[in-house]
Amino acid sequence: MRYVEEFRERLERIFGDRAEDVYRYLLEGRPPTYVRVNTLKADVEEVVENLETAGVELAETPLSYAFRVLSSPGPLGSSLEHVAGYLYLQDLASMVPPELLDPEPPGPVIDLCAAPGSKTTQLAQLLGGEGVVLAVDADPRRVRALVHNVNRLGCVNVIVAHADAARLRISAPFLLLDPPCSGEGTLHRDPHALRTWTPKKPGRFARTQLRLLRAALRMLPPGGRLVYSTCTFSVEENELVIHEALGNDDRYRIVPSVPRWLEPHTVPGLTEWEGRELREDLRHAFRIDPASLESDGFFVAVIERRH
């Protein structure tokens, strides 16, 4: 618990008046469960009806295919609907980046750090099974999980590649980069995680994130869209990574992107940190307040290339 007070102070600088609620939410460790109905294989109303008949209590969310699980007689991960690929257990905040990428067929779409496949399979679903999603991951064990989930959900428009995304020499108009991060937005899922947090932890991830984002920007053609997201709060892994990657390059811009339903649950990105001025358009990036949305915490930035 050595650095808890420093962590709280960082939350205050990022979330302002919301910080205490965020801290308590993370500390209480009671993460809600959300499910995404896989419309590639199943009808939403039919799946919901079957689950409710089985005693599962669900609540609607602003996304027509996503539901909060209020109660269940057993783990949904063992349910017939899950095994058959009709469901994916995925946090509501995690569904926001693919929604904001808003891909159109035929794409192609590249998910640059794809495993275990939550966002990849959601992207395939948003494309209606058309076009192509290239799902890339460098970890062979995680790639196996990715392949399993792609097959389970029947995502016939997904191609899986075991590769280092930073070494790719391709381009696509729709890119999603959700790189490995320090996971500060998911601390409520592990009651002991806060004890292992240190101020140096974000920096260890930032180097890899910057390498991946620079590579992603090279893949983005004029008119293309890139969503950068993490499930962490640290400025070092978010605003500073984007600022370093974009510099003063006016070919790229961070665009306003918060959906109206999500606005009450967000705070804008920072344009200054520890006396350092950052890109002004970082104000269009945002963090999801996990205590307000009752979800994981996320950072999201939508970057477009103008020319």
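FYI, residue positions are counted from 1 along the chain as it appears here.
The backbone N, Cα and C atoms fix where each Cβ goes, glycine too.
These come from TrEMBL:
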- CYS231: active site, nucleophile (ACT_SITE)
- CYS113, ALA114, ALA115, PRO116, GLY117, SER118, LYS119, ASP137, ASP178: S-adenosyl-L-methionine binding site (BINDING)
- 23-306: domain 'SAM-dependent MTase RsmB/NOP-type' (DOMAIN)
Given the S-adenosyl-L-methionine binding site residues CYS113, ALA114, ALA115, PRO116, GLY117, SER118, LYS119, ASP137, ASP178 in the record, what is the largest Cα to Cα distance, rounded to whole Å?
13
Taking 8 Å from the centroid of the Cβ atoms of CYS113, ALA114, ALA115, PRO116, GLY117, SER118, LYS119, ASP137, ASP178 as the cut-off, which other residues in that chain fall inside it around the S-adenosyl-L-methionine site?
ASP111, THR120, ALA135, ARG142, LEU146
When you put CYS231 (active site, nucleophile) at the centre and draw a 10 Å sphere around its Cα, which of the binding-site residues CYS113, ALA115, GLY117, ASP178 have their Cα inside it?
ASP178
Given a separation of at least six residues and a C-beta threshold under 8 Å, show me what packs close to GLY117 (S-adenosyl-L-methionine binding site) in the same chain.
ALA135, ALA145, LEU146, HIS148, ASN149, VAL150, LEU153
Tell me, how many other CB atoms lie within 10 A of the CB of CYS113 (S-adenosyl-L-methionine binding site), whichever protein chain they belong to?
23
Same-chain residues at least 6 apart in sequence whose Cβ lies under 8 Å from ASP178 (S-adenosyl-L-methionine binding site):
PRO97, ASP111, LEU112, CYS113, LYS119, TYR228, SER229, THR230, CYS231
